[in-house]
Amino acid sequence: MEDTFVFQWSVIRSLLSILQWWAFNVTVIIVNKWIFQKLDFKFPLSVSCVHFICSTIGGYVVIKVLKLKPLITVDPDDRWRRIFPMSFVFCINIVLGNVSLRYIPVSFMQTIKSFTPATTVVLQWLVWRKHFDWRIWASLIPIVGGILLTSVTELSFNMFGFCAALFGCLATSTKTILAESLLHGYKFDSINTVYYMAPFATMILALPAMLLEGNGVLEWLNTHPYPWSALIIIFSSGVLAFCLNFSIFYVIHSTTAVTFNVAGNLKVAVAVLVSWLIFRNPISYLNSVGCAVTLVGCTFYGYVRHRLSQQPSVPGTPRTPRTPKTPRSKMELLPLVNDKLEDKV
């Protein structure tokens, strides 16, 4: 009886963790799109900078003031040799995600971000000379096919937004791969990742945001009919982006890697549906089919990697590299707004 109760509570806790993760993730995406489209605040660098500032403050409060998470100590030299390069790629990743969201619908952006597994495998193969089992390559076929079908049939296609999303995938893949070498020896969770990387990301992005968007932001403040209420929404998106890290941390420790992978892909479907209900961007039948094929392909890719990671290695045969790490470890290195593989957040 007691075992049954423990099992039921474990299932309930996993379900609750997934639901709150979905809620925070989808809300952050929708609020960001609302800022760009409804508030007419067309400054993705500034939005990203607000997210980094809120995350910097939030990370300090959680770890130093409230002491809800223990601080993982990092050597001062490692902060510049290891954390700073990671923060630079991390900053590019977040900025490109917001830039793509500025120009293309949520549904298209989320589908393109699902291309991350393919870019990760290809990067490792081309640059790091990693070799993969043929089943890994086969599992990428539906992902690539779904992305192509979605791109060709997208009714609101924008080349700049498409390229930003695609390069965002490359940035996510690069960050995931570099994490194994640069962060070797440090077992970061999502909160400590934010604590160390968000200040560097703020420092990196603050000056470009002021130079490129400063005048536009001032003009927007002077012309917008309700600037203060709009600013509250903008800064609220930053607070929600930081809260997303707690939801990621909770779901990682409450679910298995397989459940996490499936839930991550279903989350994309939820984000696409909610965004369509709110913004009513046109989606053709073939476009929705392409999105569905991509998500099924991502789920299949995660399943194949999990099965291969469970197989014992045979002497004399090359093992499938464990980079990128399992979705559980990968998401711990994807704080702030994107989620999905994270990515991207």
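Quick reminder: no glycine exception, Cβ is built from N, Cα and C everywhere.
Some features that TrEMBL has for this protein:
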- 15-301: domain 'Sugar phosphate transporter' (DOMAIN)
- 310-332: region 'Disordered' (REGION)
- 6-31: transmembrane segment (TRANSMEM)
- 43-63: transmembrane segment (TRANSMEM)
- 83-104: transmembrane segment (TRANSMEM)
- 134-153: transmembrane segment (TRANSMEM)
- 159-182: transmembrane segment (TRANSMEM)
- 194-211: transmembrane segment (TRANSMEM)
- 231-251: transmembrane segment (TRANSMEM)
- 258-279: transmembrane segment (TRANSMEM)
- 285-304: transmembrane segment (TRANSMEM)
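Counting C-beta pairs under 8 angstroms (sequence separation of 6 or more), the transmembrane segment (6-31) fails to reach the transmembrane segment (194-211), with fewer than 3 such pairs. Of the recorded ranges 43-63, 194-211, 258-279, the transmembrane segment (285-304) has the largest number of C-beta contacts under 8 angstroms with 258-279. Residues 14, 18, 21-22, 25-26, 29-30, 33-34, 37, 105-107, 110-111, 113-114, 251-252, 291-292, 295-296, 298-299, 302-303, 306, 327-328, 331, 339-342 of the same chain lie 6 or more positions beyond the ends of the transmembrane segment (258-279) yet place their CB under 8 Å from a CB of it. Regional average pLDDT for the domain 'Sugar phosphate transporter' (15-301) in the model is 91.
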